[in-house]
Amino acid sequence: MDALRKLSSLGRNQDKILDTASSSSYTEASVAEIPKASVETGGKDEASPSGLAPIKVRVSNDVGAEIEEKRGGDEESVGSGESFDSALERLAASSVTSFEPPSPVGSVGEQSQFAGGVSEDLEERGQEEYLYYDDYGDDGEVEKDGSEKDSTSSSSSSSSSECSSSASNTEDEMDISEYGASSERAMPLANPSGVTDEEEEDGKELKYNVERAVTAEENMPNGLKLGSEARGIASSSRGAELGNAFKDSREDHEVQEELTERSVKVAVENYDQEGEDADSTEIKKEFPRELTQSRTVIESPAYRFTSEPVDPALLELKSEKAQPNTQSFARIAEGESDADADADADDEDVESGDEHEDGYTEINIRQAAGKSESENESGNNPSLGPAGPSLISVLVRKTARRPASTAATDTQSSNAASSTQVAGTTDVNPSIEVNEVNETREKLQNIRVKFLRLVHRLGQSPQNVVVAQVLYRLGLAESLRGGSTRNHTRAFDFDRANAIAEEQEADNQEEELDFACTILVLGKTGVGKSATINSIFDEHKSVTNAYNPSTTNVYEVVGTMLGVKVRFVDTPGLLFSVADQRHNERIMGRVKKYIKKASPDIVLYFDRMDMQTREFGDVPLLRTITNVFGTAVWFNTIVVLTHASTAPPDGPNGTPMGYELFVAQRSHSVQQSIRQVAGDMRLQNPVSLVENHPACRANRNGQRVLPNGQIWKPHLMLLCFASKILAEANTLLKLQDTAAPGRPFGQRSRVPPLPFLLSSLLQSRAQLKLPDEQLDESDESDDDEEDEEEGDEYDDLPPFRSLSKEELEELSKDQRQEYAEELAVRERLFQKKQHREQLQRRKEMKKRATAMRKEGLSHPADEADDEAGQPAAVPVPMPDMALPPSFDSDNPTHRYRYLETANQWLVRPVLETHGWDHDAGYDGFNVEKMFVVKNKIPASISGQVTKDKKESQVNFEAAASLKHGEGKVTLTGFDVQTIGKDLAYTLRAETRFNNFKRNKTTAGVTATYLNDTIAAGVKLEDRILIGKRVKMVVNGGVLTGKGDKAFGGSLEATLRGKEYPLSRTLSTLGLSVMDWHGDLAIGGNLQSQFMVGKTMMVGRANLNNRGSGQVSIRASSSEQLQMVLIGIVPILRSLINCRFGFGGGQSSQ
């Protein structure tokens, strides 16, 4: 403890030796060369973040006095808010090395570099490893001149350091015995033989050197470089040059080990006193900047370095003939033997220079070291310029920072290390996904190479803004899809792809690339569409005329440009007048039909630079294009402005307008019109300028040059090729649904609404019947048949005489009640008798019709009319249509009255009951017709058209039934209905047959065509009657379309009353299930209706698996008029909500 107490007096002379760069050579001595001195330990040092008393080595008193003279007696503690650069300068100027033993409690969540050794993910790079100081935050600092750098490097190479660690882990995580060993290896300890125990066991010697790294890397004037000749943190590579300053001395290994153990105990005691939370919080605030090792960010141990004058008492610990310590700064981590084995393997890989996957992978130590998000943004994200994210600037910046030799060495060693790591991972966890990712990455790299070859052939630079954006988007798409792994750097991919592209172009300049582009040309008439095509191919391929439209049909122009097959679809010119939009629609219809054969990759919309329409005069034309092709056409469009050499007009002040301003105004005008018709104000279509006049200025190569100096043809083709390249990458990475063959402009075909179509498929439909079967029983008559009873209850009743009103007044109250009950019973029995007679009559008519069909006799239509009294011969008024309640005094029912005439076509108006127009609420009309085909097949046609101010709805249905045996009927139908803005065409067929007397089964198929997509499905339904009162219907089906599937089914159980349909008592329980995209929807509903006296009560309730439901009760009566008062409840509730604000959220729902 005496030695530790002496250390307390060593923490107050920190800044006395800051300017030792110009001092005597005594201040440049290394730790290993300092003579033995006494050691003092004391209390907590304010300069130490962890609160440990640092171990300080002092120089001679003469040197201390000389330094004190230069400093003027100023004393300041290191770590009191100064920057890492200042700490490094102080370290360079220091004549001593003052170091703290590593704390046994490293930082939480990760292993400290000094307490636990170097992180597992850091690779030992052998003799050429560098450790850089990454100071991105100080980009604005001006580097010192060469002399200052040399001085700094010289100072830092002989500098000493103090290492300390913060106490931030819990006491449970500490292992003092193990930590003692790690601390012994982490610090430069003397050994009588000059070799550590580890080096004796391994039979090798690992040496490291810490010195100032003065490189060309920006923002790194004070960086650190890890060499191969050092003995630890405190040793220096220039000790030999300054050896004459001090006498050779040897550190006593046992004394150093004892000091280490004692310091550890002090650290544990301080940690127990201060607590974990406060300590860790303080350390987080004092964390300095970062160290970057081969683009890998780790925590900087800057707070462990201090500079203090040497205490003479510490010289007693030094031997006069101490040898340099050769203890290596080894990596210490969990699984020590495994780490050493991995280090050996990595060293072998570095020596052999093997690369993994042609240099694609690289150890991503940034993630292993746990770099923060802000650091990732400052280190990885490319700069955002006016043209968007630029990858080239990032590549140039990173390449310029590292010397060529350093980059080559680091790349080789990183690839070798990553090869070892990836191989080990594959052996442990083999996965097919790795192979798929590598294959996808290779294909994407081929796309990059192809694009760069196109760029070289067009004479463009890889630093072009368009090229940079394409490469950036390819990298971004790859990372989003998972193709970019953590061992993969975009800079390396670009360099490799660019080198391959240049090599292939140098060997095969005339080779035809596996690349083709189809371009659709649209625009006004006379703007120069065909002339531009001729200019691109440098030959006359399209007919042009300066005075009349030359292109009257849609046709293809195919040619080869720079080894690339380019196909243009030339179209007739469009007229921009509102009255000519019909003409434009016909042309667009022909174009749409033509491009179904081959979908274009890009659309060029042409307009003239010198013809500007005001106040959105082109909107009608652009809207016609949008209505025909959809809004997706504008997301793949490049705006081309011809006659680009036109002189700019005069400005508002009478002076000629600048050319760039004129181009910007004209481009903005066209882009704004496109945004308006596309409905997306964020849309920004690229603009390309074109000049086809023979007198256009040209360069030495004969290429036409615009007034702004741009060669327009390579620029236009680069935009087209870039769009096609991005489309290929999208197809490869499957970022979104690709367009179906023949679908124009890469539009995403919408998936049909399968749940809606499946619900329509599962719906039961009634079978059509012949006219002579209309009076026959309904489809469910067999289920409703009742056995004839042996007697008629109504006939067995005694005689009954009705009482007059005067006689009822003479009866008492009880007698009047008994009379009403008797009258109700007789009325019910009479209705039952009539229902039974009706069923018997239907049976007889069914038997007679069956007998007549067997004998081959037909039932004349006029005979049926005679039996029915010929009701169709005389027009009769149809019942009045039920109108919604209104506060108008006039009842406009007469407006909707119509007659049923002898005509077979039935036409009726359609009233919108919820419309705003009460007096004239016609919303559409309905048409129906029933007829028979060849006297055997009943058929029906019905349609309805509705139209309001915004949209129209069309519904059409045609159906026919065909009997092919007893109890077997097939129903076919064709439906047309509006879904959104498209028409859905459905063809359906189903067959019903009787399995048993009380069981019917139905099987059906359907096919729907919607939006260029076909959805097909099947269904199966079974009906069964249990007794006379219970009926069950079970159905299920599946519908598929465009690779998507939907499953559904329903169960319905009906319980009828004993006297149904006379009593109208009915209860229904339903359950429906729908599965689409893995989303299971389950719903249940219950409905019951019954009579309470003369009041009909109807109750409904439904609930689904998402917890939403509804309950409703309805009562209708002609006697209990007081039920109208129930309507006051919602009115009072609304008034209360408005007055007091209660239930506002619920009422809004």
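Each position is counted from 1, following the chain as shown.
Cβ coordinates come from backbone N, Cα and C, glycine included.
Among the features that Swiss-Prot reports, compositional bias 'Acidic residues' is placed at 131-142 (among others).
Swiss-Prot lists 152-168 with the feature compositional bias 'Low complexity'.
Residues or ranges marked as compositional bias 'Acidic residues' by Swiss-Prot: 271-280 (among others).
Among the features that Swiss-Prot reports, compositional bias 'Acidic residues' is placed at 335-357 (among others).
The compositional bias 'Polar residues' annotation in Swiss-Prot covers 406-429.
The domain 'AIG1-type G' annotation in Swiss-Prot covers 514-743 and rests on sequence analysis.
With a 10 A radius on its CB, S530 (Mg(2+) binding site) counts 25 other CB atoms from all the protein chains. When secondary structure is read from DSSP and collapsed to three states, S530 (Mg(2+) binding site) falls in the helix class. Annotation comment: Swiss-Prot describes S530 as Mg(2+) binding site.
Look at Swiss-Prot and you will find 570-573 tagged as region 'G3', backed by sequence analysis. Same-chain neighbours of the region 'G3' (570-573): 520-527, 529-530, 533, 542, 549, 551-557, 587, 591, counting only residues six or more beyond its ends whose CB sits under 8 Å from a CB of the stretch.
Averaged across the region 'G4' (642-645), pLDDT in this predicted model comes to 90. According to Swiss-Prot, the feature region 'G4' maps to 642-645.
For 773-796 (among others), the entry in Swiss-Prot reads compositional bias 'Acidic residues'.
For the compositional bias 'Basic and acidic residues' (833-842), the DSSP counts in helix, strand and coil order read 10 helix, 0 strand, 0 coil. Annotation comment: Swiss-Prot describes 833-842 (among others) as compositional bias 'Basic and acidic residues'.
Here Swiss-Prot flags 852-862 (among others) as compositional bias 'Basic and acidic residues'.
According to Swiss-Prot, the feature transmembrane segment maps to 1123-1144, an assignment based on sequence analysis.
Per-class residue totals from DSSP over the region 'G3' (570-573), listed helix then strand then coil: 0 helix, 1 strand, 3 coil.
Per DSSP, the secondary structure of the region 'G4' (642-645) breaks down as 0 helix, 1 strand, 3 coil.
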